[in-house]
Amino acid sequence: MTSHPSQKHPLCEKDATKEKAASTDVFVQIKPYEWSKARVLTETESEATVQVFDKSNIGVSIQTVSLNDYPHQRLPLQNVNVYDDLIDLPFLHEPGVLWNLRSRHANCHPYTRSGPNVLIAVNPYQWLSQLYTSKEQERYRHSTNEKLPPHVYEMAQQAYQGLSQQNQSILVSGESGAGKTETVKLCMRFLSQYGDSKITDRLWYANPVLEAFGNAATKRNDNSSRFGKFLTLQFDVDCQLVGGRCDIYLLEKSRVVGIAPGERNFHILHQIAAAGTVANLTSPCSEFKCLTGKRKESDRSDYATTLEALHKMGICGEDLHTLQQALWVILHSSNVVFANDDGRHDSRAHVEDESSITILADLLGVELPFLAESLTIKTMHAGKNSKIQVPLTVEQAREGCHAFAKELYAQAFHWLVEQVNRATTSPNETRSIGILDIFGFESFEENHFEQFCINYANEVLQSKFAEDVFQSLLTEFREEEIDLGVGYDTNRDVLELMSNGVLSFLSEECIRPQGTEAVFVRKLHQSYGASSRFVQGDSQHTFGIRHFAETVIYDAHGFIETNRDKVPSNLLSLCSSSTNHIVNRVALLHGISQSNMVKNTVLFKFNKQLVALMRSLNSTRTQYIRCIKPNLCNEPLKVKDGVILRQLQSSGVVAAVAIARSSFPHQMDHCKIMRRFRCFGARLNASAPTKVQVMCSLVIAMRDYKGPCDETFSDAVMVGRTRAYFRYNALEYLEHKRNSNFEFFALIIQSQFRGFVIRRDLARHRDAAIRIASWVRSFQARALVKKMPGSAHRIQHWYRSHKVRRRKDIKINVAKKIEINCIRSPSCTIQDRCHFAAIKIQQLVRRFHQRNHLQVLSKQEEARGVDCHVAANLCTSRLGSPISVLIESESAIETKPADRRFSRQHTMYKIENMETPRRDQSASSEK
């Protein structure tokens, strides 16, 4: 896939008019891969006058630019805001991506998303401790619906969460010095939270071991990985980390004998030379020709750290001693110097100083003459029993010694990886997360066989990346009858050129006894000269390939010998006779018999490993981390536009953003949508087609949806034949809304249940209160009954005392009245008595006269023959007094003589009362 600065898709500027940036704020290209901010002053159909600003937004110059040099004859517009995800950029183009990354890098935000499965990591060249604390790990580990900033922990957590569905993998790629090794460490540190401490410690101690034997200091990076590794973290059924293993690819073993100026060999060779504690061998680093570059003061302490890690891996005792001896063999083999017998260039070679191979023979455990013969003589088999010994020239002897040293280091490294895997691998693996740390695309002034292998691997991985992001999505959309209207460029023609062209022709030349690089290049010209991907070189040994990233010119010198990777047969026999079992591996695994030369070539082995790697990756769901190197001088907070843009092109980030933005990364079957989102209360027609029901249900559920750049439902969802597809934020919106509804329903259920519990408890409490009150009242009543006899006596006592006090008070009052009466004057008392006596006398006199008069009247009436009662009534009517009473009294007296006195007194009392008013009137008149 090819990406250009001018490449854009129409969807990249959708809704961009709603961005608040002024239409005159644009980007202009100053140099290739360099862009600056500018403002349009005047514009015509073919050119525009702009004011160019520097990085501090200060206008520096006014220029006239041709619009024909830009796509659609328009200058790329600026984005106002800085976004966490490049998909959210309203104006998507390379300068927009560049300035977004630059702004985040300046604010110490090294991570930026590029869709759901791609993370861009710009190396800050400083340790940002606030981003990698244990608190941050817990934050990303327990994140649910919270939108967290992009982070390498986020990618690791996504991979862990996907274990329940299928195995996962994280592909970390980038140039040397882009931060791949540290990124892999951060992923492992995060995922180690899900395992036991003993297991994670072993996995963690494997890192310094692999770095010591596989990393070296280069011009670009002080700790550059010179091999590719695929770390597989093993998980059990419960998704707990139980172990891990490591597979390595394409170790740069040529570094053992050939180092570029300003670089160093593998760390372990410098460390063991500085320590020098094997078999009493102590030699300064300067005595070994393979150790060049600046010496580090920390080599000795680093070696102690490596030894500690080796002990943790179980490599100690005899195994450690054997490994150290093999490393010393490599160091001393670099000091072997060959010379000619008679001074001619093509004459027989011999070892110039036998003292240089004496220690080497002791380390290998072989005789000194046998070692000298194996280094300078080549034995050829002429039939079954005949052998021919051919003397080697100085150049041949030197190449054979170098081949032996390279192969020995490779076998030592492979043996070490086997020991590490034996210490960390678990048989309980059911799920796995693979982390691939592999070298990025390389293009130098001189590119050789190693660069070709590295770029070939990157082309294969880019094909995997394109297939994951683009092709599978487009194929599925076509099956679902959804037309995106978006295409992409594949790199299949490049892979066909490299695999069927370069690899095939190189293998043919390696098999031919007289094969040369010139014939190899000529065959490429003849077969692929018309291909758009092939570039003819300036000489007969050069050729070029237009890779997905850029065009690379390769120098074919050394391709055949490097690919053959052949160790002389005499040295293989020497290795089989050694007492060091690591040295024995050179003969055992490399093979004394080399009848099948194709299978022993480097490219064949590497291609076999690459096929196995891709088979493993294709069975997993892959997350991508693209590491970017911001500058070439490894300085913090410094950004070089050309460096970043070249890496963005080589990684295909802009094209990936375009397709991911125009695509729909989430999908869901129709039946699952109807079942999962029915909680929104949509009433659907059961007789309608399923697609229509799903559409109506989603329209109701997302009626309030408003995504990035003001996306609506029609922009965020596409309903296919059997499933629906959602943009990056649409499904998260539905899930969040669904969870909110569930929370609301849960609150209602909880409130009802709590109300039921409270009402039930209230009834129980009320019954208990009534029961307790009845018990209290009964207790009080029983206590009152017990107290009643004493209370009655007390009440009687109180009543009697009250009566006594009342009588006493009455007596006191009477006594007071008597006292008052006694105090009155005697005259008043006598007068009162006289007055009372007069009244009595008057009463008696009136009574006497009335009685006599009544008797006279009665006698007169009786004389006339009138009944006594009638006569009494007549007398009463005349006299105005109740005479009948008197007559009745008289008759009663006559009938009862014994009671006459009482009756008469009673009668007189009646008459007295009857006449009282008249007496009162007379008394008042007398007064």
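Using the three backbone atoms N, Cα and C, a Cβ is placed for every residue, glycine included.
Looking at 265-287, 610-632, 771-793, 817-839, the range annotated in TrEMBL as region 'Actin-binding' turns out to be 610-632. Cβ environment of G179 (ATP binding site): A121, N123, C627, K629 lie under 8 Å away, each six or more residues apart in the same chain.
Residue counts for the region 'Actin-binding' (610-632) by DSSP state, with H, G and I taken as helix and E and B as strand, are 9 helix, 8 strand, 6 coil.
Each residue in N123, N221, S224, G440, C627, K629 lies on the same chain as G174, E175, S176, G177, A178, G179, K180, T181 and has a C-beta within 8 Å of the C-beta centroid of that ATP site, without being one of the site residues. With respect to Cβ neighbours within 10 Å, the binding-site residues S176, T181 differ, and S176 shows the lowest count.
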